[in-house]
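Chemist: Before I ask anything, let me first share the structure, which is written out below as structure tokens.
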């Protein structure tokens, strides 16, 4: 612009050069490095039970919740169908691949069945998103919940493809290069690699034009249209990306349990993903993984803990519910919000950065 | 008939903005009735009128936030009546909002960067801008131009009101604007900030025309060459600033009409 003619506003090149590095914010964070190292050497520390039932399960749920975090945290769209997309992807792996239900499964090798499942689940989620973006707020929640509920009942009643309420069992998992990739340690690394990939992809996108525009759509869709953006196209594209992430989690999930049935895509499970994302915090991509870890630890150990107190072990959801209430009450951005506030309270006020990340 | 239509379209071809018979109904309420306005490229015009005169509805129809109930809108000769807002913006139309419409969760720099990105290619780009990104430099320059360089890395939610108003203007000047709609840009500004606003408006390149809605006559009449007076959703009077100011009917209606 030729506006900058005033002496006060003469461009100072030094100012421009001092722009903070926009690359990887975590790279100078020692805590992030420690977590990364622990995750990498986990098989040396943890038993097979912990490796798969706790950490791999956490990472898989974390990826699903990450797809919701991307939509809700950056796009302001609360989608309750992320688990449904993952479940659809899991079903497709079982249907196109090899399973114990030979009359249903087409018996494709995994390297054909998985891309097929990813493509179909992404298309499914994008289509659902295209319906959902016509609405805002609570109506988006209702439409995506309706899609989730419809899919659950459909899988229950459809025997030709989804095998009704029994689902599809003994789904084959990949074996190649002489490795059984479903054995505990290789599977853990596969899950870790996919989770890391998704995490860094979301982190990277948050500062790319697509991700920034999505945050603009979250903050003020009308203004985004008045800046030249096709808001609905942006929202649908966000659903497409989030659906792909959820679909990846679905593939890992069906390999983890080696079966998929309507119980895995129930409405309750859809809402669990929302709880995980909100408890962890939806302002940053690390939040969903923290939420998933809390959820999995509670689900696994709350039972023993409650029985020891003389209560019904099945009440672990009560603990999750109370935790959810407490978090929502004290921190609108989940556990990471509590953590950030605790760190800021320990820092002298003058050193505080001008702007936090994410939204308020 | 035919020759009249031809002559009308010939008139439209030379205009930056041409509204013909634009009416906008909200239920039974006519917010705009049969509004016909022609603005030349580079022309600077004020739209005056009391609250409820239809000024902001006029802007919303021009940008496409609302579709007009009837009538046509041409932008540099092209019929944009049924275009979505983003298509009009990509053709060089810009607007600001009476109540700042910014992105409070993002930094000043990112707000302006989005404005620059919105009117260029790569809106869906998955690659982060590099050190020498042309749009990032354009955003830097724009941030400097509206005196916001010192706060460019702050989140917009933390800015003072006056700074938000300046950012509001920066967003409307990104890319290559051909025509800008300013909706009460001086609202809530201090006298110093008003002076800065006048300076920004008067230093815009001559080919950029604008319409400004402004209650502050000191601001409005110093930055425009023509005035349109609206009343109850209709065009009430058009003329030079001094004609409008001295018009007894206008004074009765607007200046003396209990408006502060």
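Even glycines carry a Cβ here, placed using N, Cα and C.
Grabbed the feature section from TrEMBL, which reads as follows:
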type: TRANSMEM; residues: A:31-52; note: transmembrane segment
type: TRANSMEM; residues: A:58-76; note: transmembrane segment
type: TRANSMEM; residues: A:83-104; note: transmembrane segment
type: TRANSMEM; residues: A:110-131; note: transmembrane segment
type: TRANSMEM; residues: A:138-155; note: transmembrane segment
type: TRANSMEM; residues: A:187-205; note: transmembrane segment
type: TRANSMEM; residues: A:236-257; note: transmembrane segment
type: TRANSMEM; residues: A:263-282; note: transmembrane segment
type: TRANSMEM; residues: A:289-307; note: transmembrane segment
type: TRANSMEM; residues: A:319-339; note: transmembrane segment
Chemist: Cβ under 8 Å to the transmembrane segment (A:319-339), counting only same-chain residues 6 or more beyond its ends: which ones?
Modeler: 275, 277-284, 286-287, 290-291, 294-295, 298-299, 302, 306, 358
Chemist: Considering only Cβ pairs within less than 8 angstroms, which of the stretches A:58-76, A:83-104, A:289-307 has the most against the transmembrane segment (A:110-131)?
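Modeler: Highest pair count goes to A:83-104.
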Chemist: Residues of the same chain, at least six outside the transmembrane segment (A:138-155), with any C-beta under 8 angstroms of its C-beta?
Modeler: 77-81, 83-84, 87-88, 91, 128, 131-132, 162, 164, 167, 261-262, 265-267, 270
Chemist: Using Cβ atoms and a strict cutoff of less than 8 Å, what residues sit near the transmembrane segment (A:289-307) while being 6 or more residues removed from its termini?
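Modeler: For the transmembrane segment (A:289-307), the far contacts come to 53-54, 57-59, 61-62, 65-66, 195, 199, 272, 275-281, 313-316, 319-320, 323, 334-336.
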Chemist: Does the transmembrane segment (A:263-282) reach the transmembrane segment (A:31-52), going by 3 or more CB pairs under 8 Å (6 or more apart in sequence)?
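Modeler: Output no: the transmembrane segment (A:263-282) is apart from the transmembrane segment (A:31-52).
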Chemist: For the transmembrane segment (A:187-205), which partner among A:31-52, A:58-76, A:83-104 gives the most CB pairs under 8 Å?
Modeler: A:58-76
Chemist: Quick test of the contact rule: Cβ under 8 Å, at least six residues beyond the ends. What residues does that give for the transmembrane segment (A:31-52)?
Modeler: 184-185, 187-189, 192, 256
